[in-house]
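Notes follow the structure.
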Amino acid sequence: MSGSIVVLISGSGSNLQAIIDSVKAGDIPGQISAVISNKENAYGLQRAEQADIPTRVLDHTEFANREIFDANMIRLIDEYQPDLVVLSGFMRILTADFVRRYAGKLINIHPSLLPKYQGLHTHKRAIEAGDSTHGASVHFVTEELDGGPVFIQASVPVEQDDTPETLAARVLVQEHKIYPIAVKWFMEGRIQLQDNIPHLDGVSLAGNIPLLSA
Ligand SMILES: Nc1nc2c(c(=O)[nH]1)N[C@@H](CN(C=O)c1ccc(C(=O)N[C@@H](CCC(=O)O)C(=O)O)cc1)CN2
Ligand SMILES: NCC(=O)N[C@@H]1O[C@H](COP(=O)([O-])[O-])[C@@H](O)[C@H]1O
């Protein structure tokens, strides 16, 4: 399927860059129709402009509440008729209306081996817990924050002298591998939700999530 991908960002957009590169290499069928940021200073906007991808900014602080912001985001996103909406370092919790609007075609990458460490500051939490491994997960987005069904993960070792920053950098390398794979699978029609369980090529991933190990 050659379709439309809309990417939402809030910051650096390094995962966006990995997806841009993968589309350019012809590995992902489809195109990034737009990159939308809730922060006007997001470096990811420059990455998109350098790749001649349309950019839009919708500053969440300019809206009275989350519901109104999301309603305006929906109106903007729908201009591009997306087959897939990709959250890439997008740092706003989305309302039920937004999640319902794009159910089954809204994905996120989260810097932990879900279901461990939903929410923020995941690397610091993993280090403080004394974990020996950490990683990243790509999941469908649901109302439950970072609780949606996961369909690909990557793991990395946690080193004794790791700081949240060194661990984040190691995880990010793996994120840049699994996110383009996840988008490719979706755009090829290979990954689908059936009864809220991800299936790859028709095979259930329940208890069998693909895991890349660094
Ligand atoms: N309804 C959902 N919304 C979002 C999900 C989700 O699974 N369901 N995933 C997140 C992505 N995310 C972690 O992967 C995440 C993003 C933002 C926050 C958060 O607490 N945001 C605060 C603001 C923080 C800030 O501006 O720095 C907020 O929205 O009030 C937690 C986790 C994307 N949305
Ligand atoms: N809760 C969402 C979240 O923490 N996302 C994380 O933001 C970092 C920067 O992403 P980017 O370089 O793609 O902007 C990435 O590690 C991503 O997993």
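Glycine residues also receive a Cβ, built from the backbone N, Cα and C atoms like all the rest.
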Among R66, R75, R125 - the residue TrEMBL places in the same (6R)-10-formyltetrahydrofolate site as M91, R92, I93, L94, N108: R66
Whole-number Å value for how far G13 (N(1)-(5-phospho-beta-D-ribosyl)glycinamide binding site) lies from M91 ((6R)-10-formyltetrahydrofolate binding site) (Cα to Cα): 12
Residue from G13, S14, H110, D146 whose C-alpha is spatially nearest that of I93 ((6R)-10-formyltetrahydrofolate binding site), among the recorded positions: D146
Entries of G13, S14, N15, R66 (binding-site residues) sitting next to ligand 1, with Cβ under 6 Å as the cut-off: none
Arithmetic mean of per-residue pLDDT over the domain 'Formyl transferase N-terminal' (5-182): 98
Shortest C-alpha distance to N15 (N(1)-(5-phospho-beta-D-ribosyl)glycinamide binding site) - which of the recorded positions R66, L94, H110, D146: H110
